[in-house]
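Colleague: Pulled these from TrEMBL:
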- 122-157: repeat 'WD' (REPEAT)
- 214-255: repeat 'WD' (REPEAT)
- 256-297: repeat 'WD' (REPEAT)
- 535-555: region 'Disordered' (REGION)
Amino acid sequence: MHRVGSAGNNNNSTRPRKEKRLTYVLNDADDTEHCAGVNCLTVLKSCVSDGCDYLFTGSRDGTLKRWTLAEDAASCSATFESHVDWVNDAVLIGDNTLVSCSSDTTLKTWNCLSDGVCSRTLRQHTDYVTCLAAAEKNSNVVASGGLGGEVFVWDIEAALTPISKSSDAMEDECSNGVNGSGNPLPITSLRTISSSNSISAHTNQSQGYVPLAAKGHKESVYALTMNDSGNLLVSGGTEKVLRVWDPRTGSKTMKLRGHTDNIRALLLDSTGRYCLSGSSDSMIRLWDLGQQRCVHSYAVHTDSVWALASTPTFSHVYSGGRDLSLYLTDLATRESLLLCTGEHPILQLALHDDNIWAATTDSAVHRWPAEGHNPQKVFEKGGSFLAGNLSFSRARVSLEGSTPVPVYKESTFTIFGTPGIVQHEILNNRRHVLTKDTAGSVKLWEITRGVVVEDYGKVSFEEKKEQLFEMVSIPAWFTVDTRLGSLSVHLDTPQCFSAEMYSADLQITGKPEDDKVNLARETLKGLLAHLLAKRRQKPGSQASANGDVVSGKDITPRSLTHSRIEVDGSAENDSVVYPPFEFSTVSPPSIITEGSQGGPWRKKITDLDGSEDEKDFPWWCLDCVLNNRLPPRENTKCSFYLHPCEGSTVQILTQGKLSAPRILRIHKVVNYVVEKMILDKPSDGVNPDGAFGPGLTGGPLQHSSIGDGSFRSGLKPWQKPRPSIEILCNNQVLLPDMSLATVRAYIWKKPEDLVLNYRMAQGK
């Protein structure tokens, strides 16, 4: 599976080292709503009677949010942004510590009452971290499980304890935790980045804290639960068995079989004797760990069970899953009720007094009545059924048409989210992306500014794509995915520097119209404008000759190790951000990237504080923005032949194979032919074997170049009026504003060098 923001290559020393990528995530709404499915939620009850309760949600958009709850209201009071992939689970420990885990392979700790600053990044897993479990009465213990069968038990207090100065110095060399203010944080890391950018685990165990590994799972772990005192841990996953551990030693105490498919949810009672499990086999099972056996099976759902929550006394269980339904089941009597049916699969549940919050694959979170303190009140409403004990019993009942009726038709409160993007198409101009979201709305994004320029509403995506088609050819300088529910735009060097446009085509005023603008370079300048502004304000920084800031910790140019690095000298003022590349400060994009030390990080561009350097950013990004250097680029030129049409009376002295920028317009070629017709005549006093016009050198058969500025000079008064010339390719007359690249892609359509023909314009 693709990891957003991942930049290193795999363990293969024979491959050339791949440079780290820079990703920016776009957002067209404010920062108070999730824009992808909500994977997890947890409630923090106030310690005082009149205090506020808080709901914490973690989303597939890579962020967590804190919601301040009122009677029938919820306001987003903080966004926790640092993970670079899905947030899969979160638990609260102690008074104010929030621990989250992610598909980015990390755990992160936060002060849950802060403004969203990550206090520590914990690196031990080598694959997605899918689930967490915490001990209610032992606020230091958290267990984490993930793909590859990894289970670790963390002493959070020890993990957060600052390490010694010498160790901290060593730590700083191999970690890259960045907090909300941009300052590097010491990371509990057992991994260093090798020369091939691959991850090497357990290489510096003497430095920092080492969590306890519970070894035994051969396959992925998707569910964990721990009793209140923290001396019992149960895990489950794709092996279809429950494993019971002593988290103090990491030793396995028992293995329980019974489920026939993946185990997706687990619950322990406070004493640690009884355990509930939910599985993809649609069954809920109750286990007596003392007897080491399953004592009850509940066939309630018609599809996978993904979420469980119990009443405080462990007498009833709330369950949800893939069948979109939320059930309440009496564990003793086996009576079940369908509380509600929604539109999306339920991923996690959290009881809150007499209500229950349900997280789903949608970006919204719903609150339903639950009567958690007295669930029998719900059964008094009628409509209950007796849960079977075989997985096919509910399916059979459903087929017979006796589907239970939901007790509640509507939720009592909803925290709405932003519809996530589910479809996208990069348009040919390579500046716009067409998207469609879960609500069916089609929008047009301008990638170089990170904004929606057109909202078409609920129209046909395919029809709109056809309407917006342009016959232009621009290199693919970025890639896009929508894994986080938003547009994530990926820049990889050197490919990202392959696209150029003329300033006139970008409608940039104050620049010569024929100046070439590198789209990636200007986009990077726009993204890092806040960083550069902060650097200018820092004491000891000085402006370079081109207006950029150079401080004592600027990067060392890599020209020493890279044989060909081009210095782009075309821009006269490199500190200027031109309007087509100005990003919004109201809904700023977030950057996901990594530098030379440590793993990926994520932060809004407006939160960059100027302290970030090569440890935090890929060297090529800073080299481009600070030192005006671009890596070597390929295919920026187009070779072609220019011949008269058959029977044409127009003849010019041929130059053999010609070369010009890919973006050169056909009207420039017309100018070239006209100039050659006039200047190549002996009466003009120009030697046919000499120079053939401004910007052209060489003899008749040499490979010559047509420059952008070849024909800026006007005609001399003594020269004849300019004849009207048209250019053809494959017998098709070319429009003057077509580029050579467009002609090659849509008209020529051959791998050989382009052949253009010229003639006097017909009818002239």
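All residue numbers here begin at 1 and follow the chain in the order shown.
Glycine residues also receive a Cβ, built from the backbone N, Cα and C atoms like all the rest.
Keep in mind that what you see is a predicted model, and the values were worked out from it rather than measured.
How about a rundown of where these features are and what they're close to?
Modeller: Residues 1, 85, 88-95, 97, 99-103, 105-109, 175, 187-191, 199, 201, 209, 211-230, 233, 235, 237, 245, 247, 250, 270, 599 of the same chain sit 6 or more residues outside the repeat 'WD' (122-157) yet have a Cβ under 8 Å from a Cβ within it.
Beyond the ends of the repeat 'WD' (214-255), by six or more residues, the same chain brings 130-138, 140-141, 143-153, 261-272, 275, 277-279, 287, 289, 292 to within a C-beta distance below 8 angstroms of the stretch.
Cβ atoms under 8 Å from those of the repeat 'WD' (256-297) belong to residues 136, 222-229, 231-232, 234-238, 240-244, 303-310, 314, 317, 319, 321, 323, 329, 331, 334, 389-391, 394-395 of the same chain, restricted to positions at least 6 beyond its ends.
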Colleague: For the repeat 'WD' (122-157), provide the mean pLDDT of the predicted model.
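Modeller: Averaged over the repeat 'WD' (122-157), the predicted model reaches a pLDDT of 93.
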Colleague: What are the DSSP helix, strand and coil residue counts for the repeat 'WD' (214-255)?
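Modeller: So the counts come to 0 helix, 22 strand, 20 coil.
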Colleague: Summarise the repeat 'WD' (256-297) by DSSP state, stating how many residues are helix, strand and coil.
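Modeller: Helix, strand and coil residues of the repeat 'WD' (256-297) number 0 helix, 25 strand, 17 coil.
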